[in-house]
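Marked as domain 'G-protein coupled receptors family 1 profile' by TrEMBL: 41-292. Residues annotated as transmembrane segment in TrEMBL: 26-49, 61-87, 99-120, 141-163, 196-222, 234-255, 275-294.
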Amino acid sequence: EFNGSFYQPSAFLMRGIPGLEALHPWISIPFCALYLTALLGNCVILFIIRRTPSLHEPMYYFLSMLAVTDLGLALCTLPTTLGLFWFNVRRIGFDACLTQMYFIHILSFIESSVLLAMAFDRFIAISHPLRHPAILTKTTVLKIGLAIVLRGMVSLLPIPFLLKRLTYCGKTELSHSFCFHPDIMNLACADIKVNVFYGMIVLLSTVGMDFIFIVLSYILIIRTVVSLTTKEECLKALNTCVSHICAVLVFFIPMIGLSMTHRFGKNVPPLVNTLVAYTYLIIPPALNPVIYSIKSTHIREALLRALRRKRG
């Protein structure tokens, strides 16, 4: 049926957690808790920053960008994941799948870039505290935000078109309850070298470079902190970075793991691949607001003040 002819499926079939299909209604409970935490937590972060004038500074503007990105990631995967777990809705249209994939990848790339911007902000704040307000003005932060969004949108724009040109085989089952570029690409019968090459180039030139610059930023931060005179100053400087370091680890470790399993882990059990994917897309949006609420004194105090006003 497919030899020498162009074939494109009308829809793909999504897969939940392999081997645990009968338990999907029960498994949906922790997923609901994570999605609820992600949605409420990031909305609270945005509300607190907007309502607290003392938080209107670069560090918290970037945190707002991170919260908006996390909200987007949670909302991208929530309908298909909970639809599968609750109602066993496995079918997703071809174009709808490509649209979801495009936004998932854009938001992931934006999150990576925002984490880099936050690392740059911490470096300037610790290394050049007096020049920090002059370097990162509101206009500069806005320009950085626009550049981050444009970079993600433009670099990933060819991906859906590269997938649409492919001929697909009879297999239409995806590995997850959402659409992911390597997952769709591997269902094609045609030569996918262009897709693989372009995907790797984009990944390395965006997320890969972001990670390298984040590491370099922290090397420079550590050099500056070591030169401080007292131990208290060192601890105070490093304490401002703890939340950001946790956010970086929570985002990059699962992302690297998912990329490796999709490209090189052919013998990896499907359950491991699925768990890594869910960890990558659901855990960071849920954990980031919790991390910043616990570790950031200013966020915590502003949240407590807001709660007291409500009770009063």
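Glycine is no exception: its Cβ is also placed from the backbone N, Cα and C atoms.
Averaged across the domain 'G-protein coupled receptors family 1 profile' (41-292), pLDDT in this predicted model comes to 91. With a cut-off of 8 Å on Cβ pairs spaced 6 or more residues apart, the transmembrane segment (26-49) and the transmembrane segment (99-120) reach fewer than 3 such pairs and are scored as not touching.
Just going by CB pairs under 8 A, the stretch in 141-163, 196-222, 275-294 that sits most against the transmembrane segment (234-255) is 275-294. Among residues of the same chain six or more beyond the transmembrane segment (61-87), those with a C-beta under 8 A of the stretch's C-beta atoms are 14, 16, 24-25, 27-28, 31-32, 35, 38-39, 42-43, 45-46, 49-50, 100, 103-104, 107-108, 110-111, 114-115, 117-118, 121, 138, 141, 145, 148, 177-178, 247, 281-282, 284-286, 288-289, 292, 299.
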